[in-house]
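A short worksheet on the structure shown next.
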Amino acid sequence: MKVVTTREDLRAARTGLDDLGFVPTMGYLHDGHLGLVRRARRECAGVAASIFVNPTQFGPGEDLTSYPRDLDRDLSLLEDSGVDLVWTPRVEDVYPSGFATNVQITGVTEVLEGARRPGHFGGVATVVTILLALMRPRQLFVGQKDLQQSVVLRRLVADLGLAEEVVVCPTGRESDGLAMSSRNIYLDDAHRQAARVLSTALRAARAAYASGQRDAATLRGTMEAILAAEPLADVDYVSLADPDTLVELEGPITRAAASLAVRVGRPRLIDNTLLHEDDPGLG
Ligand code: AMP
């Protein structure tokens, strides 16, 4: 496994790797990230990952400086997963002196996370454009865990032609349903127990949908009632939206993305599931 830092070393290491699958991350890896690597391994001849805590996607007061980091452990997990190339840039390798580019995506960035975290998706779109321009993969692998991000990145790649395909991989979960996240490390025991309420609420929406409930407000209400019963959960939003446009749905639905953002003690957790008739399970 080659590990490179500068753009120049990346360019040299990239040579000769055709049919590349790319998994960008912010590190502090868990099995959800490794699920993306395993999928890339199956679908592509070569696999590259990046580890970069991108400052421009954090807002003031968010956890940029305290974001968990463990590079040695990450590299050994990636090596054990069969990754060929890892880019671990410094801030100046991604944003060279005089950097003045800003990639903005309209529409799908303006709701949900985008509405609550101003500048977040501008930061994501800009960094992923740079990563893809330098890495030049055939396929980009992202997680459904960050549903809106996956929608934004599909738009970016389709608009700018930065890869052939974006592959959205299912959410890796702990055995009790909690979606894996680097930020779960911030949960103390009581809040870790309480954090199960997100997947419990999503499962309840899925069960209601499976038994024929199609009314958007009723499905939203099912999730809200479960979240409201957990005193340690501070709900930011409960959304039932079109899975492609992320526009909130009203009345009878056919397919939908149910998404939650809930502060549970220190971390603000997000999770989601897709409701549609060929049900893939709690993704
Ligand atoms: P992050 O390091 O949190 O920026 O995530 C890097 C990539 O891993 C993104 O495409 C995320 O959507 C994906 N990811 C994060 N958590 C999970 C999870 N629990 N299951 C699947 N993919 C995930």
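From the backbone N, Cα and C atoms, a Cβ is placed for every residue, glycine too.
Taking the Cβ of HIS33 (active site, proton donor) as reference, residues of its chain lying under 8 Å away and at least six apart in sequence are, in sequence order, VAL23, THR25, GLY143, GLY172. The active site, proton donor annotation in TrEMBL covers HIS33.
Under a cutoff of 8 A between CB atoms, and with a sequence separation of 6+ in the same chain, the neighbours of MET26 (ATP binding site) are ILE51, PHE52, VAL53, ASN54, TYR67, SER182. In the three-state DSSP scheme, MET26 (ATP binding site) falls into the coil class. The ATP binding site annotation in TrEMBL covers 26-33, 143-146, GLY172, 180-183.
The beta-alanine binding site annotation in TrEMBL covers GLN57. Under the DSSP three-state reduction, GLN57 (beta-alanine binding site) is assigned to helix. Using a 10 Å radius centred on the Cβ of GLN57 (beta-alanine binding site) and all shown protein chains, the other Cβ atoms total 21.
The (R)-pantoate binding site feature in TrEMBL is assigned to GLN57, GLN149.
In sequence order, ARG73, ASP74, LEU77, LEU78, SER182 make up the list of same-chain residues 6 or more apart from LEU29 (ATP binding site) whose Cβ falls under 8 Å from its Cβ. The binding-site residues listed here are GLY32, GLY172; among them, GLY32 has the most other Cβ atoms within 10 Å of its own Cβ. A Cβ distance below 6 Å to any atom of ligand 1 is met, among the binding-site residues MET26, GLY32, GLN57, by MET26, GLY32.
Across the structure, GLY32 (ATP binding site) and GLN149 ((R)-pantoate binding site) are spaced 15 Å apart at their Cα atoms. In the three-state DSSP assignment, the secondary structure recorded for GLN149 ((R)-pantoate binding site) is helix.
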